[in-house]
Amino acid sequence: MKNFNALSRLSILSKQLSFNNTNSSIARGDIGLIGLAVMGQNLILNMADHGYTVVAYNRTTAKVDRFLENEAKGKSILGAHSIKELVDQLKRPRRIMLLVKAGAPVDEFINQLLPYLEEGDIIIDGGNSHFPDSNRRYEELAKKGILFVGSGVSGGEEGARTGPSLMPGGNEKAWPHIKEIFQDVAAKSDGEPCCDWVGDAGAGHYVKMVHNGIEYGDMQLICEAYDLMKRVGKFEDKEIGDVFATWNKGVLDSFLIEITRDILYYNDPTDGKPLVEKILDTAGQKGTGKWTAVNALDLGIPVTLIGEAVFSRCLSAMKAERVEASKALKGPQVTGESPITDKKQFIDDLEQALYASKIISYTQGFMLMNQAAKDYGWKLNNAGIALMWRGGCIIRSVFLAEITAAYRKKPDLENLLLYPFFNDAITKAQSGWRASVGKAIQYGIPTPAFSTALAFYDGLRSERLPANLLQAQRDYFGAHTFKVLPGQENELLKKDEWIHINWTGRGGDVSSTTYDA
């Protein structure tokens, strides 16, 4: 349990007065929670620590009893053995949070709850639901007078217990009724809760989806830095751990850098050798990174780094194919001693590459959310989102403070790279970034995330790209038309018109239309 100041203790005491009432017929639960896996149990304990009376329910009721007899014993936590009993113990408006497997189980529990709920009651889905499902539930429940909230919850089991990052969205009428609970139990960054209202319908789960996509990108970038140190620098795991420990004291200070340090320091107790080197090099995924990449394609936003992070996991899963290909496909390899003569410069370059690529990853993530806000009619608070991610979640980092500051100063900022801080940072990091990608290519080390981040940056800063030729090709084989470059108009190539040319004739035939291909 966290330490609280005197005012907080008085608040907790007042909240607990109803719990001390022995009359069981009085509805005294502040919030109900369905799903007693570790995340659910820890979030209940967190709420109880903050003075809230929580009613716990699980499909397997024996789990409720075990929880009450052990972790929840002596705390302001009540149990329920049925949905009706859960609802009956809650104050109005009833606030019920689901922490169950995404998909059909969420709909099943909602359907079980509905017969016992009244207009104005609140259902909160705190699982990893896909945002289109949250959009649907928001609409369906609104017709029944039930306020639906889809909330991203990040931070894992530890975060749920000590303070997660919470990203609620849905029916805004619910926010005044859940705001105090959510912001009390959420992680704090510089005294501010890592929780705020995100937006309508499925916006909360959308923001959590993008969070998870960025998480994929951050992890892949870290793995590529590790791979370069291991295979090109020939560093021992302890040395690499030392590098990450140093990086965690600077601009890269973050949860993922911190745990990477810990992993690299950990030795198998049976033989004293680094445990990480004994792990099969095939990475799993639950699909949220893929959701982000697919949505980026749907909205036409080049979220290339997250896409490559997803594909890298797919390639890692092709272990048998890679083993076979490693024997047949030729290319540069580093054998014997490391070709790196200046280790400090090599490490400094990698730090710059990691920092610059991280900036690109977040730039792309916020570009995607900006477009989603336009397409889906949401009002997203980018500064608030960055603040939510500063603590309690997997991608929490010092770096996010600068994003929060940028969007507070310029709420309508379209691209983080155009904000002075990030423009300056990526300019300074560019030399080491390019050197690291160059070494990876030279020595045959795959760095898809570093490389695509750099390609995106160079593409974005290019006033002219070769898409003119691409559009001509499309017009050649499919009559998809094109527009003429400003200043190149003539009697055949008319301004602001879509033009088709018969490319096979000498000089060609020209036609124009206002059709946008």
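Every residue number used here counts from 1 along the chain in the order it is shown.
Including glycine, each Cβ sits where the backbone N, Cα and C put it.
According to Swiss-Prot, the protein has these features:
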ACT_SITE  LYS208  active site, proton acceptor
ACT_SITE  GLU215  active site, proton donor
BINDING   GLY35, LEU36, ALA37, VAL38, MET39, GLY40, ASN58, ARG59, THR60, VAL100, LYS101, ALA102, ASN128  NADP(+) binding site
BINDING   ASN128, SER154, GLY155, GLY156, HIS211, ASN212, TYR216, LYS286, ARG313, ARG474, HIS480  substrate binding site
Is it possible to get the count of other C-beta atoms within 10 angstroms of the C-beta of MET39 (NADP(+) binding site)?
20
Could you measure between GLY155 (substrate binding site) and MET39 (NADP(+) binding site) for me? Cα positions, answer in whole angstrom.
10
Candidate binding-site residues GLY35, MET39, THR60, ASN128, pick with smallest Cα gap to HIS211 (substrate binding site):
ASN128
In whole Å, note down how far the CA of LYS208 (active site, proton acceptor) lies from the CA of the residue listed as 'active site, proton donor'.
10
Between HIS480 (substrate binding site) and ALA37 (NADP(+) binding site), how many Å separate their Cα atoms?
54
Measuring Cα to Cα, how far is TYR216 (substrate binding site) from LYS101 (NADP(+) binding site) in Å?
21
Secondary structure at GLU215 (active site, proton donor), reduced by DSSP to three states:
helix
For the substrate binding residues given in the record (ASN128, SER154, GLY155, GLY156, HIS211, ASN212, TYR216, LYS286, ARG313, ARG474, HIS480), what is the largest pairwise C-alpha separation in angstrom?
49
LYS208 (active site, proton acceptor) and ASN58 (NADP(+) binding site), distance between Cα atoms, whole Å:
25
LYS208 (active site, proton acceptor): nearby binding-site residues from GLY35, MET39, THR60, LYS101, ASN128, ARG313, Cα cut-off 10 Å:
ASN128
